[in-house]
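Trainee: Quick one: the structure is below, questions incoming.
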Amino acid sequence: MKVGFISLGCPKNLVDSEVMMGQLVAKGHELTSHPDQADVLVVNTCSFIDPAKKESVDTILEMAEYKKIGRAKKLIVAGCLVERYRGDIRTEMPEVDALIGTNELDSIVDICEGMPPSTNPLEPYLYHDLTPRVLATPRHFAYMKIAEGCDHPCTFCVIPQYRGAFRSRRFESVVSEATRLFQQGIREINLIGQDTTCYGEDLGLKDGLAELLARLAQIETPQEKWIRFLYAYPNKVTQKLLDTLAEHAALAKYIDMPLQHASANVLKRMKRGASGDIFLKLIERIRRTIPGVAIRTSFIVGFPGETAADFDELCAFVEAAKFDNLGVFTYSDEDTSASYALDGKVDGRTIQNRKRRLMAIQRKIARARNRGLVGKEVPVLVSGVSGETDLLWEARMSTQAPEIDGVTLINDFEGSEPRAGEIRRLRITEAHDYDVVGTLLAPTEPAPVLPAGPGLINIESLVAV
């Protein structure tokens, strides 16, 4: 049976798709990148905010057309949209033949084969090191989920409603999977979860993430490796965690820490607490402990009750903090979120104007930071030929996370031609708003051994991501 997959949304959702694809391949089924050639089409959806819901619905309807013109006889919808709108999908989208919630990933084979699913949708699901996975990322890096669910009460967020309570993977399960990935030739592992800094709390571990990172850094590999974690909660960033990042060369000097806002008034309404002053002290401690660290954050503008003064406070905070990377989300008024009932809604035009203003501030900061890198030599992980032009190669510094940060472009090289998956030093020669450009220096390590075989596919072979 040929199955075509479309994975929408965040890396956590992508890992769920990889798990489902892995189970299908383990049972002898074939994956195809051509929806018109698939016997079964699967859309793994996102429903975090309104634009994500719209993209999910549009994609489902697009794939439904392939049931008419192609060979597909079954359309399966999976993921977060199913958890939020299972009943609506069943009644309003007759094109959909089956649904798979976030706790039902193990049912993918049964449903594709027309068998009754054996999975209990009410039992929390979390994959382990023996679960088959087909990697859908480029062959030199992978995402690895270390936890699922969330216990934080953020009023704007609906994730706990369909991902459930926080639960960690077993320590040795994570180590085992990471070891296998590195043995297969993966050069960079990105640890993910709704809140990675809570890792191990439910297992009785104190500073569980720090312990895990230290253990992963000690995995023996034939070549240099990078390990980073994403989605840190600010009040969970302990000194032990910072000391661990500073101690081990394999750990990327990078912290992704969504702060959401800097006004104490807005943060209180978000049920996150803290303030800009508290965050500035934390940022100073991070930079003091880890020289050269890159800090990424994200903010929500237009949250109910956000006044002009609150937004001005956020802008002043960003100018003071000087983040390396920053993302801005416009508030999405989700009908099942606690913030939906709050008063003081901000109009759409004001929200968009605030986003533009905040990004303009960050653009100047990022440009100045990048200019300070010109002339420096840094290690980069080569990604391959640039997607924008085949005249350039693309790479990333360890301070640039995949898919969300800027990139390092290679316009010249010394020695052998760049190869995807190799880590080489690069001399930065140009700086732009979010990207830098440089010359790749001659290699000092053997050519990378990239993973191959039926267990791994490249991201381009997915129908869409």
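Backbone N, Cα and C atoms are what each Cβ position is placed from, and that goes for glycine too.
Pasting the feature list from Swiss-Prot:
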type	residues	note
DOMAIN	1-117	domain 'MTTase N-terminal'
BINDING	C10, C46, C80	[4Fe-4S] cluster 1 binding site
DOMAIN	136-369	domain 'Radical SAM core'
BINDING	C150, C154, C157	[4Fe-4S] cluster 2 binding site
DOMAIN	371-442	domain 'TRAM'
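In terms of burial and nearby residues, how do these features look in this structure?
Mentor: Secondary structure at C10 ([4Fe-4S] cluster 1 binding site), taken from DSSP and collapsed to helix, strand or coil, is coil. Every protein chain shown contributes to the tally, and the Cβ of C10 ([4Fe-4S] cluster 1 binding site) ends up with 21 other Cβ atoms within 10 Å.
Sequence-distant neighbours of C154 ([4Fe-4S] cluster 2 binding site): residues of the same chain at least 6 apart with a C-beta under 8 Å from its C-beta are Q260, M270, K271, R272.
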Trainee: Cα-Cα separation of C46 ([4Fe-4S] cluster 1 binding site) and C150 ([4Fe-4S] cluster 2 binding site), in Å?
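Mentor: With distance taken Cα to Cα, C150 ([4Fe-4S] cluster 2 binding site) is 17 Å from C46 ([4Fe-4S] cluster 1 binding site).
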Trainee: Within 8 Å of the Cβ centre of C150, C154, C157, which other residues of the chain have their Cβ, at the recorded [4Fe-4S] cluster 2 site?
Mentor: H152, P153, F156, V158, I159, P160, Q194
Trainee: Give the mean pLDDT for the domain 'MTTase N-terminal' (1-117) on the 0 to 100 scale.
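Mentor: Here the predicted model's pLDDT, averaged over the domain 'MTTase N-terminal' (1-117), is 93.
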Trainee: Which state, by DSSP, holds C80 ([4Fe-4S] cluster 1 binding site): helix, strand or coil?
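Mentor: In the DSSP reduction, C80 ([4Fe-4S] cluster 1 binding site) maps to helix.
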Trainee: Judged by the number of other CB atoms within 10 angstroms, which among C80, C150 is the least packed of the binding-site residues?
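Mentor: The binding-site residues C80, C150 were compared, and C150 has the fewest Cβ atoms within 10 Å.
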Trainee: Between C10 ([4Fe-4S] cluster 1 binding site) and C150 ([4Fe-4S] cluster 2 binding site), how far is it from one CA atom to the other, in Å?
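Mentor: Answer for this pair: 15 Å between alpha carbons.
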